[in-house]
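K.L.:
Positions annotated as N-acetylmethionine by Swiss-Prot: 1. Residues or ranges marked as phosphoserine by Swiss-Prot: 6, 12, 21, 142, 386. Taken from Swiss-Prot, the feature ATP binding site applies to 34, 97, 98, 127, 128, 129, 130. The annotation substrate binding site is assigned in Swiss-Prot to 173, 174, 175, 210, 217, 218, 219, 273, 301, 307, 308, 309, 310. Here Swiss-Prot flags 175 as active site, proton acceptor. Annotated N6-acetyllysine per Swiss-Prot: 395, 486, 688, in sequence order, evidence recorded as similarity to another entry. Here Swiss-Prot flags 400-411 as region 'Interdomain linker'. For 412-791, the entry in Swiss-Prot reads region 'C-terminal regulatory PFK domain 2'. Look at Swiss-Prot and you will find 481, 538-542, 576, 583-585, 639, 665, 671-674, 744 tagged as beta-D-fructose 2,6-bisphosphate binding site. Sequence annotations record features per position, and here Swiss-Prot assigns O-linked glycosylation site to 540 based on similarity to another entry. Under the heading phosphotyrosine, Swiss-Prot lists 651.
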């Protein structure tokens with residue numbers, strides 16, 4: 001294999017995909033165990049990436065059972081075999097739990113079937129059981145080959161030629177129960193299904209003043225129950241990893257009746273299917289219902305969500321995750337040597353990593369062992385930083401301490417929304433208000449952005465005022481794009497009048513510019529010498545200092561859903577190309593990631609300049625595509641990608657150049673991208689990042705015991721962002737150099753590295769820098785104290 005590298009300007013070496021060849025290799029791809037949404041996206045990525053590098057790729061139908069049975073269950077795939085499957089839930093190649101593969105005879109048959117097709121590279125998409133099976137198969141491989149040779153089923157030449165089996169795993173499981181991975185394929189989509197059901201149930205529960213007990217899947221892992229409880233603001237949640245303390249029955253009934261007393265018309269209780277008490281006895285949804293009915297007399301209903309959670313369309317997150325994992329899996333197989341251990345490709349923050357399969361499985365089994373031995377604190381820690389943080393955040397927001405038990409700080413904190421509306425803003429406000437109150441502050445809501453601030457539209461906001469805000473789209477406080485520059489005097493007066501000691505700004509690029517203006521005004525107005533922090537919230541995802549913004553995931557899902565419908569329309573019409581315009585200002589995040597999630601043929605963005613030759617090349621590419629069985633095209637265009645190559649221009653060009661081959665339609669998605677109920681990701685991201693911002697404010701205010709302290713240092717006016725896996729508070733003054741103010745985007749954007757991935761999956765030859773790939777990372781049990789906790 002010609003694995004060349006080239007020297008980069010920094011002196012390190014860079015590795016490019018075009019230097020990796022799969023010629024002469026055969027890859028088998030199978031899905032095993034329970035199905036999960038997004039598996040098809042992973043299969044598609046493996047097949048297309050495999051073909052792209054010159055390897056043969058085989059579908060192994062019906063999981064390990066198909067491998068044992070052989071025959072028509074192992075079929076060579078081509079480019080078109082995986083067309084139109086991105087948006088389909090489940091797995092098109094079937095999945096089964098195989099008893100035969102658990103026996104040596106079964107594995108012997110499987111090895112024979114693979115050898116006859118020259119397959120020595122396996123890509124397994126499944127849970128921990130499926131991946132463990134693959135590793136056992138790999139360990140036994142040479143012994144199986146020798147046995148087959150002795151039985152005369154293969155010759156000695158084949159034993160030499162196919163001496164090693166390479167195995168790469170991708171975790172496809174809605175439970176998110178695999179240690180070492182931030183998110184498994186299917187988890188985000190399962191959260192979507194749960195939240196869709198909860199949102200629907202809330203309307204009927206409010207109408208009748210009912211209590212609903214919802215049972216969610218996850219076997220012995222409480223991840224789905226926990227994140228859905230956080231995303232809907234459930235009254236109580238039962239998890240296997242963190243059982244309720246003795247006397248929980250009475251505590252729960254008190255909590256439910258308190259909420260009813262505060263005019264809350266419904267109660268939601270979420271139960272993980274593996275929920276237990278501290279003595280490892282099961283807690284069932286029926287038992288909880290009986291308790292509520294007998295103790296409180298509430299009209300109570302049980303809803304068991306069941307296999308609804310496995311079904312439906314994969315979310316944008318799962319499609320992108322699975323596509324990235326599929327490509328990374330093929331790279332791992334190409335680079336594998338006989339000494340390379342079986343690995344799992346996974347996501348850490350927004351980075352693809354490879355982890356040793358055996359270590360991950362052992363650690364996953366340790367969680368179950370800890371639960372069996374009733375070491376529940378250890379079980380929560382072994383689940384990872386993210387799980388622990390989710391649990392702590394849920395507890396802080398769900399349970400209000402009595403007023404006499406909260407130590408008052410005598411500080412007033414203002415919360416304000418700035419910029420365009422973004423789904424998840426309200427979840428962020430709710431979280432900030434409740435964490436602030438729990439920390440002893442008085443919380444003030446500022447209505448209608450800086451405009452409202454100047455006019456004195458400021459009101460104290462209490463714990464109960466923000467109940468039910470998590471699932472609301474848009475901005476309840478109201479938000480405007482107006483900057484504070486021309487209202488500095490008035491805003492300073494309002495800060496003085498209401499004695500504001502700190503400000504939390506939730507918004508987009510305008511909020512960032514506003515923060516810079518307030519920072520510059522500190523010299524003239526001492527009122528602005530208070531801690532200020534901004535939480536990024538914009539569909540455009542263009543705020544410097546953060547890889548993600550609240551609202552971008554919801555917008556991405558809206559774009560993906562719309563593209564799915566449009567593709568279906570184009571499939572029915574045949575020979576039709578759709579040009580779709582997305583929002584984002586000059587930032588191409590939505591167009592690029594939407595293109596990856598929807599399976600677009602091209603995506604035009606400002607960050608990658610294009611000319612008429614590129615447009616011509618795309619038209620020719622689509623003309624060739626129309627000669628195949630896939631007679632439709634999808635092209636995304638960011639609204640500000642080019643001053644002259646407008647959506648109308650591109651539409652007219654495609655219409656003229658494609659005359660006689662395909663016809664063309666255009667669709668401007670517009671403000672629908674800002675609306676709708678927030679996705680589970682945006683609800684929880686908003687909740688957690690806002691809680692972290694309030695913790696920072698509390699810490700800063702504690703630095704100033706006297707009333708007179710003025711905050712003038714740069715580190716007292718920050719943007720809170722996520723970079724890779726870390727939560728960073730970055731002074732706005734430092735972020736200036738990282739910002740392209742003319743185009744309102746950061747100078748460096750992480751997602752541009754994924755740009756070639758979309759092109760490869762759309763059958764374009766391109767250069768792809770894979771320098772970040774290839775490191776086998778050890779599985780960490782816990783992050784050290786110096787490592788910032790994951791959001």
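Numbers here mean position along the shown chain, with the first residue as 1.
Keep in mind that glycine also has a Cβ here, set from the backbone N, Cα and C atoms.
Values in this document were obtained by computation on a predicted structure and should not be read as measured data.
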K.L.:
Using a 10 Å cut-off, grab the number of neighbouring Cβ atoms around the Cβ of residue 98 (ATP binding site), all chains included.
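P.N.:
Residue 98 (ATP binding site): 22 neighbouring Cβ atoms within 10 Å.
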K.L.:
Given a 10 Å Cβ-Cβ cut-off, pick out the one of the recorded positions 219, 395 that has the most other Cβ atoms nearby.
P.N.:
219
K.L.:
Give residue numbers and ranges for long-range contacts of the region 'Interdomain linker' (400-411): same chain, 6 or more residues beyond its ends, CB-CB under 8 A.
P.N.:
434, 437-442, 463, 501-502, 698, 701
K.L.:
Looking only at the region 'Interdomain linker' (400-411), how are its residues distributed among DSSP helix, strand and coil?
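P.N.:
Residue counts in helix, strand and coil order: 3 helix, 0 strand, 9 coil.
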K.L.:
Between 0 and 100, where does the mean pLDDT of the region 'Interdomain linker' (400-411) sit?
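P.N.:
Per the prediction, mean pLDDT sits at 89 for the region 'Interdomain linker' (400-411).
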K.L.:
Let me spell it out: for each of the recorded positions (21, 142, 173), count the other Cβ atoms within 10 Å of that residue's Cβ, using every protein chain shown. Which one has the most?
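P.N.:
Of 21, 142, 173, the one with the most crowded Cβ is 173.
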K.L.:
Give me the CA-CA distance between residue 217 (substrate binding site) and residue 34 (ATP binding site), in Å, as a whole number.
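P.N.:
Between the Cα atoms of residue 217 (substrate binding site) and residue 34 (ATP binding site), the distance comes to 12 Å.
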K.L.:
Cα within 10 Å of residue 173 (substrate binding site) is the criterion; apply it to the recorded positions 21, 481, 576 and give the hits in sequence order.
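P.N.:
So far as Cα distances go, none of the recorded positions lies within 10 Å of residue 173 (substrate binding site).
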K.L.:
What is the nearest of the binding-site residues 130, 219, 308, 310, 576 to residue 395 (N6-acetyllysine), using the Cα of each?
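P.N.:
Ranked by Cα distance from residue 395 (N6-acetyllysine), first place goes to 219.
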K.L.:
Sorry to bug you, but what's the C-alpha spacing from residue 97 (ATP binding site) to residue 308 (substrate binding site), rounded to the closest Å?
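P.N.:
On Cα coordinates alone, these residues lie 20 Å apart.
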K.L.:
Looking only at C-alpha atoms, tell me how far residue 97 (ATP binding site) is from residue 688 (N6-acetyllysine), rounded to the nearest Å.
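P.N.:
Residue 97 (ATP binding site) and residue 688 (N6-acetyllysine) have their Cα atoms 38 Å apart.
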K.L.:
Neighbour count first, Cβ atoms within 10 Å, every protein chain included; then name which of 481, 671 tops the list of binding-site residues.
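P.N.:
When each Cβ's neighbours within 10 Å are tallied, 481 leads.
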K.L.:
Can you tell me whether DSSP puts residue 98 (ATP binding site) in helix, strand or coil?
P.N.:
coil
K.L.:
Where the distance is taken from Cα to Cα, which of the recorded positions 21, 540, 576, 674, 688 turns out closest to residue 219 (substrate binding site)?
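P.N.:
Checking each of 21, 540, 576, 674, 688 against residue 219 (substrate binding site), the shortest Cα distance is to 688.
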K.L.:
List the Cα distance (Å, whole number) between residue 128 (ATP binding site) and residue 540 (beta-D-fructose 2,6-bisphosphate binding site).
P.N.:
37
K.L.:
Output, ordered by sequence, the same-chain residues six or more apart from residue 127 (ATP binding site) with a CB under 8 Å from its CB, or 'none'.
P.N.:
32, 33, 34, 171, 172, 173, 175, 177, 178
K.L.:
Which of 540, 674 (the binding-site residues) has the most other Cβ atoms within 10 Å?
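P.N.:
When each Cβ's neighbours within 10 Å are tallied, 540 leads.
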